[in-house]
């Protein structure tokens, strides 16, 4: 579901931006500090209620303002949505969808599935397991409406269990938490396992397209020993958990691992190859969403030319075209985009930014 219009007020150095957007490729060009990344960040914020760069609102609001405002129109074949989000320095958020208050960020996220490809996004591969769990859970959030409530309740119960650990004297005092925790852990793990297995061939196929020289293999690890009953694991690990102050094993420790030639990819691949692999993962997941749910996914790509040679850039552009998705790409100059042959497509749009303002 593409954005047809985007208005940004007082978001970082973007004080007043009004864009009529293409449903295909939108290129944002400008020198460092012009606001290119901030524009992508604003779109991301509109779809997630948070930034991919900072969790501190005061760093995002323009220094002369008390709040920032984001507004967009979202077009689908038979529907149109109007979305507005405002955040002030106290951290209060006002969200409206089609003029209605009381909406949740989850409602907005369901409306705007998006994938982000940035230089910092390599943490998906060389960061901790939490980044890869988030990758899986993004897909499940958009595939299964019930997943969000399972996941949120699981997090709540784990937090309560961890808080109770230093206060209880015996395991029997934790059983009330663990009965429900085990149920939710099995539900979340079953959904993650099935989704990971369904996504695996799509990822491996896309990896062969970008990295034919390296066989990439993916595997899901549930967070405790395969075949073991999680209820027994919790009971047997009570003293250990109590000593360290948190629940050591479970779905909160799950991982989705990537290997090349039998070794972790972060130990084998160059930065350029890691970036290609990250692109392949994001593309495969976005394409899988289109196939399974008939829903388009937005792609936000920052610093497009970084660490990719011209041939790989053209390959990425070609695959993005094939998805039929709306794409936002930043680059320092239009020349960096020439490898994509974007001039051939009449619906594409090019925007020039300078010091937070659109150049006309």
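Just so you know, glycine gets a Cβ as well, placed from its N, Cα and C.
Feature annotation from Swiss-Prot assigns ATP binding site to 30, 31, 32, 33, 34, 35, 36, 37.
This view paints the features noted in Swiss-Prot onto the structure.
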residue: 30; record: ATP binding site; Cβ within 10 Å: 23
residue: 31; record: ATP binding site; Cβ within 10 Å: 11
residue: 32; record: ATP binding site; Cβ within 10 Å: 8
residue: 33; record: ATP binding site; Cβ within 10 Å: 13
residue: 34; record: ATP binding site; Cβ within 10 Å: 22
residue: 35; record: ATP binding site; Cβ within 10 Å: 25
residue: 36; record: ATP binding site; Cβ within 10 Å: 24
residue: 37; record: ATP binding site; Cβ within 10 Å: 21
Env. residues of ATP site, Cβ within 8 Å of mean position of 30, 31, 32, 33, 34, 35, 36, 37 Cβ: 38, 330, 332, 353
